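In what follows, a single structure is set out as structure tokens and then discussed.
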């Protein structure tokens, strides 16, 4: 039983691995080795920074084909985090427009710069900090997590999925209703950082580790 | 209701130990950063910032070990500042488990470092610390300047212009400390907080001068800060984080309770 955190060279994977180790006795590996990724029982697809760089590194490390194949087969649970969520869509507006993995229909869009809150304060971008996640459908990964719980976010682009059946959670920021938890079959992906979201985040990771889709 | 304003306790660490003591009831070792970070996490701190005041290079390795130990136990965002001068320093801290690093003097001596760091690691993990002091005389329009070396050395840089420049260079967040208020307990300098919060698109953390819970409220409502950072009022048990959060929430501020 091994959980593989897919390391294609983008971002800090230490936190994700540590948080997984905190909730399971299963072996957690951070790896870009195709054999180990294929051999794992569960996969985590993280992502940080610009999506052009994330997609670029995925190509460069020759992991794109493998990730696409694993997404197509859906034979093991996969958790996408942050840009690892965004990459599952068709396309992102970031970096002048970037084609993504197209596993779920939809777009990644930039938060408008002119949003204000009820006190007429400018809403900052990146959307950084703790915000409420509204759960739309039941999902095993929401087990034991309150409706409208706070999770920790850091992002300037957000997911707009085309198919409501794939949307499991949303978060309001200004006039944007971001699709912050999406999925189908054995894949679940979140915009927020469960590994940085204290108790609620650890609960979601624990649910993922026990998930039998 | 939406994005919560953040409360960030700040710990000074020297060679992997918390200095200036923390006075929690029931804590075994007042200098152990892991125990203190865990306690703040349990209390509902939204992030924790470590300011590394370690002087010697050898002792800095203990700070890295400290960050590693905390990151294995405490699952909220961790920021490390103090002595971050190169991309290697940043990589070391991020690999140890820090989520963000705060760049201070190195940004003033070499602004391109901020640009390079944000390109390399992403703006989301680059905080620029701005130490500002009021330089305008009574009756003049307010003006603040950047100071280095703990507030002793003026740079001639206008604080608001500098804040804009740092954001243009890729800072993902600004940690604004009013050097003339730091340690005074009379409240944030709301003028400079408001001026910078309105001037930039990224979140601003207000710091320096917190003495009571009204100061935290003022920092958000009057200063326009997205987060408030404080040390002594929490460390010495004057107020707890839940008390501070409830107080702010009762005054209409969105908080994670």
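Placement of Cβ uses the backbone N, Cα and C atoms for every residue, glycine included.
Features reported for this protein in TrEMBL:
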- A:82: active site, nucleophile (ACT_SITE)
- A:193: active site (ACT_SITE)
- A:195: active site (ACT_SITE)
- A:5-209: domain 'Glutamine amidotransferase' (DOMAIN)
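Cα spacing between residue A:82 (active site, nucleophile) and residue A:193 (active site): 7 Å, rounded to the nearest whole number. If you take the C-beta of residue A:193 (active site) and look for same-chain residues 6 or more apart in sequence within under 8 angstroms, you find A:15, A:81, A:82, A:151, A:152, A:153, A:154, A:201.
Here residue A:195 (active site) comes close to A:15, A:16, A:18, A:19, A:20, A:81, A:201, A:205: these same-chain residues lie at least six apart in sequence, with C-beta atoms under 8 angstroms from its C-beta. Mean pLDDT for the domain 'Glutamine amidotransferase' (A:5-209) in this predicted model: 95. In three-state terms derived from DSSP, residue A:193 (active site) belongs to neither a helical nor a strand segment and is classed as coil.
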